[in-house]
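Enquirer: Annotated domain 'Ig-like V-type' per Swiss-Prot: 36-151, in sequence order. Look at Swiss-Prot and you will find 50, 130 tagged as N-linked glycosylation site, backed by sequence analysis. Summarising the annotation, Swiss-Prot assigns phosphoserine to 204, 206, 210, 221, 261 and lists similarity to another entry as the type of evidence. Annotation comment: Swiss-Prot describes 242, 264 as phosphotyrosine. The region 'Disordered' annotation in Swiss-Prot covers 201-257. Per Swiss-Prot, motif 'ITIM motif 2' is recorded for 262-267. Per Swiss-Prot, signal peptide is recorded for 1-35. Marked as topological domain 'Extracellular' by Swiss-Prot on the basis of sequence analysis: 36-162. Marked as transmembrane segment by Swiss-Prot on the basis of sequence analysis: 163-183.
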């Protein structure tokens, strides 16, 4: 009998050693594996009506496939406190709920690790559930994680309706003001363009293309007297003699002489 027990012990010893070596190799592989960052995504805040169900949405991104080693933990930090209490844990397909009274028989799993979803539902939310919820996911070798945080506000139905009305009114007002401003700017631009075209009177095409020739003007000399004949034979006015006045300022000036015709003598017949 003793020999049989000794044989069983000798047979079990190698098997135990192999199991230990396998476990050590697995742990060593986890320690030496590449550690990559896992990103957790949650909404910043949600509003839930008192007495209804609230869903705490939590998703994550990981380059590694989820499996039995993937875990999800939820913690709660009540308003006015600095410490968080863990009240939910999910691992290997099992849900573990703590004894924290505000969440007893209220929390259910609503996620799917294959879809990288770690969400939960809370039934019959009350004012005591106001606070910050923390979603922490581990997916080895992704263990460097910044947990996601959700600020939950429990509101009464009347307050929620008032809040929604103000949101709608504010949105509609902003849209109306924006459209009014845009239409006003368009009308101002069109008005300015229309009046700028009306005020500008340019020459026609024919005027721009047709050259205008002016007859050369004869400038009398300084010593030349011009005699203008009377306009008609029946007039009693005699010939008018014009003289040129030189305004050049000197006979040797290099400037162009400017002359002016004045009446020198008016001979009339009585």
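The backbone N, Cα and C atoms fix where each Cβ goes, and this holds for glycine too.
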Enquirer: Which ones in the same chain are close to residue 50 (N-linked glycosylation site), with CB under 8 Å and 6+ residues apart in sequence?
Expert: 125, 126, 127, 154, 155, 156, 157
Enquirer: Cβ under 8 Å to the transmembrane segment (163-183), counting only same-chain residues 6 or more beyond its ends: which ones?
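Expert: For the transmembrane segment (163-183), the nonlocal Cβ contacts are 47, 155.
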Enquirer: Would you count the other C-beta atoms found within 10 angstroms of the C-beta of residue 130 (N-linked glycosylation site) for me?
Expert: 16
